[in-house]
């Protein structure tokens, strides 16, 4: 069969899907159909009957607006994505949302749409493949050996994150990463020459990539030769494919008119004629399905791999068991028992240390149990304290380590970690100053949306960092993280809460965790075993009154000690004061109503929240009758103790505010 007709099946489904939805992007799928046909039918190792096969090649559509391309590919090659699913493109509760979403249709490796993040996720996947191979493969036993392929457009390359990710990919020699640039010269505003005139091949050569320029994106032989050359080269490869957006559309191809709008019934009819595609909307002939189906070949490839793995298992039974545990995302045996013992030991041996140091101590204790840890920092390891005694850096020539030097690339780091998490086999953690989570925010949002494990260590969490001033002092960042759905945000007050936060982040497989730590030393709080257990509920009574409280002080992180001291003074003056430590508001909010009422009785309306972050967040806990000691402006450059005094974070101010409230 003429392979052009196999590519035309993608074009037909794409224009039909967009037309039926009356919205979407037909241009990119029609332009990249020939490349997709060559890659998916000739090179991609995958099994539609088992989309979770551990050693499958990964495919990422970074230009996610062209989602009908991947939906068409999944449908045609035999995944559980029916023609009715394609007809439901962009409709409520369909498996085919406007941009590809992880967890909806089988075979979607990552959620894409925010441009540049797909290529960055792909870099993470390629890093995970190379690291797993270095950790598990033995001579004659290559059980981890697959490619990561990514399609991307001009928009991805204009986004700054593509520089962060592709620069690092070149440095680390990710030879199993192959990217296709859809060089069609068109974006939403029109022809890109006016705003995107980079010499992209030279740019990628400068990163240390293997670049194959000027490939005709509509010539199957040229595309195939480029892929073969890419697979043979030890460097990551950029294949520059010259394509015509909306290929086949007589009146709209090559222009922005077909980028982000349906072609219209008349133009679709003309396109069918132009392409020689004589079938109705959503009609695919049986012989086309037969040519496209990857079920038989995919099952054979997985069966061959299963044989390889059985031989590996016979030769290296312990490694094989560990590989299975890690790719299944299971924690080691005795994890719960050992982790709880570590936490109990910390409570029994008080230390007044910065919570960033407590975080490093937790890494040291837990890391010995977790070979799946893949740590890192955006060039702040000595400040974030993310390296521990077992940390070994990844290098291009040796990927057997467990620590990535991301360089000053906060956004790139976070989206790469999403790719590592999606690939499987690792628990990634990264780090920067809390202030600079702003650079990475959208990648954390994507982790929350995809429900993937991404642990971020955010240190230097308030005006407490002092002299560096307001450019580096976070104010609104904690609230911003807490307001993100499916984000778990922790701001611990001492080494015990810090270890609990780490334990829960390691156990949390269905979303990201933001662990927020101080630069300055924090006093350890005394607790009973029951109180230690209650930390995991996100908020608990740390210090209680004799009898029913008349005032509740709610605090987090460095301000918990302040609340305790103020409570002691108020108690000495005859007031009944309860102190609630609330390291994780989202976790507290998930507790049952009875527990929340026990901690914050609704009839005790005299409440003060104390946190060196934006004040407004706390009204939901203190009510309009309560008071908040927090930040309402940016900080200043000065020693931390002077700043805490200036902004009202003193025992005296808490006591005076309490007296006013109780008067």
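Yeah, the Cβs are placed from backbone N, Cα and C, and that goes for glycine too.
Annotated in Swiss-Prot:
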ACT_SITE  410  active site, proton donor
BINDING   25, 259, 356, 383, 460, 468, 519  substrate binding site
BINDING   65, 113, 114, 115, 155, 184, 259, 436  thiamine diphosphate binding site
BINDING   154, 184, 186  Mg(2+) binding site
SITE      25  site 'Important for catalytic activity'
SITE      259  site 'Important for catalytic activity'
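The structure, with features from Swiss-Prot marked on it.
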residue : record                            : Cβ within 10 Å
65      : thiamine diphosphate binding site : 23
113     : thiamine diphosphate binding site : 19
114     : thiamine diphosphate binding site : 20
154     : Mg(2+) binding site               : 21
184     : thiamine diphosphate binding site : 25
259     : substrate binding site            : 23
356     : substrate binding site            : 25
383     : substrate binding site            : 16
436     : thiamine diphosphate binding site : 20
460     : substrate binding site            : 26
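Within the set of binding-site residues 115, 154, 184, 436, the entry lying nearest in space to residue 519 (substrate binding site) is 436 (CA atoms). When secondary structure is read from DSSP and collapsed to three states, residue 186 (Mg(2+) binding site) falls in the strand class. Sequence-distant neighbours of residue 186 (Mg(2+) binding site) (same chain, six or more apart, CB under 8 Å from its CB) are 27, 154, 192, 245, 254, 255, 256, 259, listed in sequence order.
Counting other Cβ atoms within 10 Å of each Cβ, the binding-site residues 25, 519 show the lowest value at 519.
For residue 155 (thiamine diphosphate binding site), the spatially nearest entry among the recorded positions 356, 383, 410, 460 is 410, judged by CA separation. Summary: among the recorded positions (410, 468), the fewest other C-beta atoms within 10 A of the C-beta are counted at 468. Calculated from their C-alpha atoms, the gap between residue 410 (active site, proton donor) and residue 436 (thiamine diphosphate binding site) amounts to 7 Å. A gap of 16 Å separates the Cα atoms of residue 356 (substrate binding site) and residue 436 (thiamine diphosphate binding site). Residue 65 (thiamine diphosphate binding site) has its Cα within 10 Å of the Cα of none of the binding-site residues 383, 460, 468.
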